[in-house]
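Asks: Supplied in structure tokens, the structure appears directly below.
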Amino acid sequence: MHASCSCSWESKTIPPRRDNDWDLQSRFKLKSKLKMYLLPGLSFGVILYWLLSTYTLGSLGREDRLGLEGLLEETRGGPGHSGVGGFIVERSWAQYSPYFPVEEYKAPPSGCTIDQINIIQRHGARFPTSGSSKTIISAVTKLKAVQDTLVDPKMDFIRNYTYDLGTDDLVEFGAVQSSQAGEEAFNRYSHLVSPDNLPFIRADGSERVVLSATNWTEGFSIASSLNIPLSSILIIPQDSNDTLDDNMCPAAGSSDEQTGEWLGAWGPDVTTRLEEGAPGANLTLEETYALGTLCAFDTVAHTSTPPNPSTSKDTRTSKLKLKLSPWCNLFTQTDFKALEYAGDLDKFYGTGYGQPLGPVQGVGYINELLARLTDSPVKDHTQTNRTLDSNEETFPLGRGLYADFSHDNQMIAIYSAMGLFPQSSPLPPVPPSNKPDPSRTWKVSEMVPFGARMVVERLSCSGSSYASASGSTDKDKFVRVLVNDKVMPLAFCGASQEGSCRLDKFVESQAYARNDGEGDFEKCFDV
Ligand SMILES: *[C@@H]1O[C@H](CO)[C@@H](O)[C@H](O)[C@H]1NC(C)=O
Ligand SMILES: *[C@@H]1O[C@H](CO)[C@@H](O)[C@H](O)[C@H]1NC(C)=O
Ligand SMILES: *[C@@H]1O[C@H](CO)[C@@H](O)[C@H](O)[C@H]1NC(C)=O
Ligand SMILES: *[C@@H]1O[C@H](CO)[C@@H](O)[C@H](O)[C@H]1NC(C)=O
Ligand SMILES: *[C@@H]1O[C@H](CO)[C@@H](O)[C@H](O)[C@H]1NC(C)=O
């Protein structure tokens, strides 16, 4: 059972976890088991506090704001392509950008209180997938092969460089950011949870997603001083009906055509420049792109911790710091803008509006969201698992806080199914003069960076400007959607200036989901 998490104290109090597969029968026993290991809550708490006080969990301390500031400093100090004109290099890495809030969080409009939240969050920073690491490794190998005849001094580091990244897994920085997201969620929404109204948490079955969820849960619980025990996590296997992954639409196409066109436009010049610095390396266009992504992957994989955290009394110095990888120095600001646009195209034509069968893959989640927002059973005939969703143990209604853990492609499908980030025309695979429009509103770095989150807040509002009629509770309910802390305008449901829509208008606006994708889901199987 996936009750709770694989935390460091798990062996002391929590039964060992099984494989990534959800056992409904044991789920039924969960409540009693939870009681069993939470009843001796005192000793549990004591152990945890001891751990905290000995800094074993120091990286989770409240003061401990992770690395981005540190990273920004590094970036501004970096050569050539940083700080200039407000350009922040690590925010140009599209889906490989580390999480950052796009705007400062704003409290809901006055007269409104939040009475439910639904979070869907991407796993934290990870290693390259096994597929993309193959190209990265071949590029690095080619450069190493000519390391004795490198011409560009910025490439000198290659002589001493050893590629040491794993594949697919969450990196430490990603784990810490996930935990901080849990801490932030508690600090922001603590009034919605209590020992009798625990967060309800689900994760797609991929390991990095599950670990992001357990780290989040740990951060949440610690921020609550353990008043909120570690929640159980419902893990949804990837080979089953899964609303947290884009795995159920075999006929959906890919973005290869559009990203290939774009690479053909910006890649040759950059490849030529790299070749001039490393004569004889013979990099392909794909390898040039791969080296650009290595800047991001190598950076998030190598965090520095202070030499002696246990002797330091200042938790601020014990934070993880990102330091830009030397690979980043091989690319200019213009290159990074091109790389960023490659990510934007990839997601737009992968599961976004540019993919005819993209948005439909987000429908199952939207229907689950509507069920939670309206406290009524799920109505869906797409990706949901009807067995899970019709059981109150595995799909409870009436909770204050729901958190689901997922992937970038799936979150893009969900945004597009909902109608977020609307586009008046498709993204051009090759923009005029090879310059991506800087004012475009489809920027993947701001949509699905590592650790990205969409939060749907249900508001309960009173007062003349909000409640149009008294007596009916539904009329006092509003919805606000934030993506990475930026309030979405929700024009599709007639939102106020402040971005809140009446709940009934919001539900009405979700006709595509309520109609099971209006025939698109069936097309998923026309292969
Ligand atoms: C957090 O994630 C890391 C992997 O990146 C993992 O080793 C650790 O066990 C996780 N911690 C919890 C509490 O889930
Ligand atoms: C590579 O490592 C050697 C030995 O540690 C060192 O002397 C040299 O300065 C390093 N070169 C670069 C370019 O970092
Ligand atoms: C639905 O969930 C149940 C309970 O976990 C599981 O046994 C079943 O395999 C799932 N079915 C599908 C089609 O996903
Ligand atoms: C690049 O191509 C040249 C000519 O085909 C070849 O001699 C050389 O070995 C290649 N370099 C690498 C690193 O593979
Ligand atoms: C899984 O989804 C398919 C497609 O909608 C559906 O036919 C099937 O009944 C679902 N299975 C469960 C257990 O919900």
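The backbone N, Cα and C atoms fix where each Cβ goes, and this holds for glycine too.
What TrEMBL lists as active site, nucleophile is HIS123. TrEMBL lists ASP408 with the feature active site, proton donor. TrEMBL lists CYS112-CYS461, CYS249-CYS524, CYS295-CYS328, CYS493-CYS501 with the feature disulfide bond. Per TrEMBL, the feature transmembrane segment maps to 34-52.
Help me see these features in their spatial surroundings.
Replies: For the recorded site, HIS123 (active site, nucleophile), the DSSP three-state label reads coil.
Reduced to three states, the DSSP call for ASP408 (active site, proton donor) is helix.
Secondary structure from DSSP puts CYS112 (disulfide bond) in a beta strand.
Of all Cβ atoms in the protein chains displayed, 23 besides its own lie within 10 Å of the Cβ of CYS249 (disulfide bond).
Mapped onto three states, the DSSP output places CYS328 (disulfide bond) in helix.
CYS493 (disulfide bond) falls within a helical segment according to DSSP. For CYS493 (disulfide bond), the same-chain residues that are 6 or more apart in sequence and have a Cβ closer than 8 Å to its Cβ are VAL479, CYS501, ARG502, LYS505, PHE506, GLU508, SER509.
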Asks: Nearest of the recorded positions to CYS249 (disulfide bond) by CA-CA distance, picking from CYS112, CYS295, ASP408, CYS461?
Replies: ASP408
Asks: Taking the Cβ of CYS524 (disulfide bond) as the centre, how many other Cβ atoms fall within a 10 Å radius?
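Replies: The answer is 18.
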Asks: Rank the disulfide-bonded residues CYS328, CYS461 by the number of other Cβ atoms within 10 Å of each Cβ, and give the residue at the low end.
Replies: CYS461
Asks: Reduced to three states, what secondary structure does DSSP give CYS461 (disulfide bond)?
Replies: strand
Asks: Where the distance is taken from Cα to Cα, which of the recorded positions HIS123, CYS295, CYS461 turns out closest to CYS524 (disulfide bond)?
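Replies: Going through HIS123, CYS295, CYS461 one by one, the closest to CYS524 (disulfide bond) is HIS123.
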Asks: To the nearest whole angstrom, state the Cα distance for the pair CYS112 (disulfide bond) and CYS295 (disulfide bond).
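Replies: Cα-Cα distance, CYS112 (disulfide bond) to CYS295 (disulfide bond): 44 Å.
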